[in-house]
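Q: Quick one: the structure is below, and I'll ask about it shortly.
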């Protein structure tokens, strides 16, 4: 049977096996998909062992940069991201590395939330790997401007230098900004600790600005609770991004696009339970 997996460490919390099982059932694809705890000091060895038989894998924290180095070929979006979250075995055993994170977020915003990015003023908080992965897909939608705000401004400036050829990018500190924007994406991990990036409430235009946290949980994240209190039009979490990036990977492997809506609904139901 065709084998797939997700590599991570830790990995017990992963929803990927459930997501891909539901995708496979829905599309009539016959495959297995497992969560695989890779050793912190030998991801590449474990990945090579899996790909002796396996056909594809997702890669999560902390192995995305190592997967980038493992890949024999890279998609343009993976090359830009400097990280790989999806591997596919090609003819002859070569590995293609892709990054579906940014495409997943873009699709969640545009298809599921009905929010077009074209012509919008976008603020992205953070300058780490999660943000790097979304810049190419976001800029492909031709926003009016995309501002990267970070505590260490030099990191944001580095991303601007790397991606400036793709569209209008600006670097800023968290406290440099006060004019309202159309979309704020929290790409920091602050919500994991119940904390907030130190940004001005005036960035949110009540009833207009959409706020999106890449993190998700049973309860609204700290960032989304704050955004709601400031009058944000909508506050979305990263569960839709998780399901949509998985669908991108599934389509890359199997050549068929699953319907994400029932899968996202099932995950929401389980999360609430």
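Sequential numbering from 1, following the chain as shown.
Note: Cβ is positioned from N, Cα and C throughout, glycine not excepted.
A quick note: this is a predicted structure, and the numbers were derived from the prediction, not measured.
Look at Swiss-Prot and you will find 14, 15, 16, 60, 85, 101, 216 tagged as shikimate binding site, backed by sequence analysis. The active site, proton acceptor annotation in Swiss-Prot covers 64. Annotated NADP(+) binding site per Swiss-Prot: 76, 126, 127, 128, 129, 130, 150, 151, 152, 153, 154, 155, 214, 238, in sequence order, evidence recorded as sequence analysis.
I would like each feature placed in context: is it buried or exposed, what are its neighbours, and how far apart are things?
A: Neighbour list (residue 85 (shikimate binding site), Cβ cut-off 8 Å, at least 6 residues apart, same chain): 58, 59, 60, 64, 67, 98, 99, 100, 101, 133, 245, 249.
Residue 127 (NADP(+) binding site) is surrounded by 25 other CB atoms, counting those within 10 A of its CB over all protein chains shown.
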Q: Which residues of the same chain, at least 6 positions away in sequence, have a Cβ lying under 8 Å from the Cβ of residue 14 (shikimate binding site)?
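A: Expected: 6, 8, 35, 60.
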Q: For residue 152 (NADP(+) binding site), which of the binding-site residues 15, 16, 216 has the nearest Cα in space?
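A: Closest by Cα: 216.
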Q: Compute the C-alpha separation of residue 216 (shikimate binding site) from residue 129 (NADP(+) binding site), stating it in Å without decimals.
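A: For residue 216 (shikimate binding site) versus residue 129 (NADP(+) binding site), the Cα atoms are 17 Å apart.
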Q: Within 10 Å of each Cβ, count the other Cβ atoms and name the one among the binding-site residues 154, 214 with the highest count.
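A: When each Cβ's neighbours within 10 Å are tallied, 214 tops the list.
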Q: Taking the Cβ of residue 150 (NADP(+) binding site) as the reference point, list residues of the same chain whose Cβ is under 8 angstroms away and which are at least six residues distant in sequence.
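A: Spatial neighbours, sequence-distant, of residue 150 (NADP(+) binding site): 125, 126, 127, 156, 171, 172, 173, 174.
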